[in-house]
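S.K.: What TrEMBL records for Tyr58 is active site, proton donor. The substrate binding site annotation in TrEMBL covers His120. TrEMBL lists 20-298 with the feature domain 'NADP-dependent oxidoreductase'. For Lys87, the entry in TrEMBL reads site 'Lowers pKa of active site Tyr'.
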Amino acid sequence: MASNLMKMVKFNNGQLYPILGLGTWQASAIIDDSQQLINSIKNAIDIGYRHFDCAAIYNNEKLLGKAINDKILEGVIKRDELFITSKLWNDKHRSELVEEALKNTLNDLCLSYVDLYLIHWPFGISEDSNATDSEGRLLSSGISYLETWKAMEACVQKGLTKSIGVSNFNIKQLKDILEIATIKPVVNQVECHPYLTQNKLKEFCESNGILLTGYAPLGSAKRSWAGPEEDAILDEPIVKQLADKYKKTNAQILIKFQIQRGVIVIPKSSNPERQKENFDVWDFELTTEDIGLLESLNKNARYFEFNTAKHLKDHPFLDEA
């Protein structure tokens, strides 16, 4: 299952990026043993994954760095064949902290640059990231994401990252960024699956040369706050029906759905067999009718709300227009 099967997308700055990557959120929570996580990343590289999505807040960048650098030393891959995405956490939005945060990530990854660096959420929180008000809500830093964006641009100019983008931004916030940007965001990474197709946001992004990256494409059923009664997209009858039709897994249908919509997709799995299955999506195409069938499931249902920040003025789901 060679990586040369991978479809690439082109960013607005000309950089090519694999449309399918491996998400690493919760990987260290699901796998207790550090060596197991390292082996999981190495296995993904052997399968053909070259795009890895991480973040400082995931607390596993040192392990990811160990795995990819071992594979580089083994001669299996070269650094320029890898595409590493990381993200700036909400307590590092002050302009003076952005470069420092990225350098800390690079140190953990044992790399001299990342391929893509994102503002994880549009709101900044107190630099004491555990500080809360009397109701247990996070405290605002009062820092504008526009200030943060200018510091992100400086990171490109210093060669610390090839591209920059955002995550969890709404249309209004993207418009604000575009008004002041000298370097445009290349992607907006957001929750995306048939229950939350993000078509309006996708249309806006594409009209401005910004690609959508979809996280939780399989619904993130294993997250710690998943409710027993919530609808699980992997168990959706229409998804099962299409999996039977194409002789594929439910997950493969959901991944291919995003790829055919032009959405970069980052399913996460630490299981070697599921990693292999999730990567094996290049030998079939969903019909236009079947894509429409999956899109018809949209009900603007979110698995990721970030409720402890909902009172903050820059929380993106307060104003999604």
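Note: Cβ is positioned from N, Cα and C throughout, glycine not excepted.
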S.K.: Between Lys87 (site 'Lowers pKa of active site Tyr') and the residue listed as 'substrate binding site', what is the CA-CA distance rounded to a whole number of Å?
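M.R.: Their Cα atoms are separated by 5 Å.
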S.K.: Average pLDDT across the domain 'NADP-dependent oxidoreductase' (20-298)?
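M.R.: Taking every residue in the domain 'NADP-dependent oxidoreductase' (20-298) and averaging pLDDT yields 94.
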S.K.: Between Tyr58 (active site, proton donor) and His120 (substrate binding site), how many Å separate their Cα atoms?
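M.R.: Between the alpha carbons of Tyr58 (active site, proton donor) and His120 (substrate binding site) there are 11 Å.
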S.K.: Here the recorded positions are Lys87, His120; which one has the lowest number of other Cβ atoms no more than 10 Å from its Cβ?
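M.R.: Fewest other Cβ atoms within 10 Å, among the recorded positions Lys87, His120, is found for His120.
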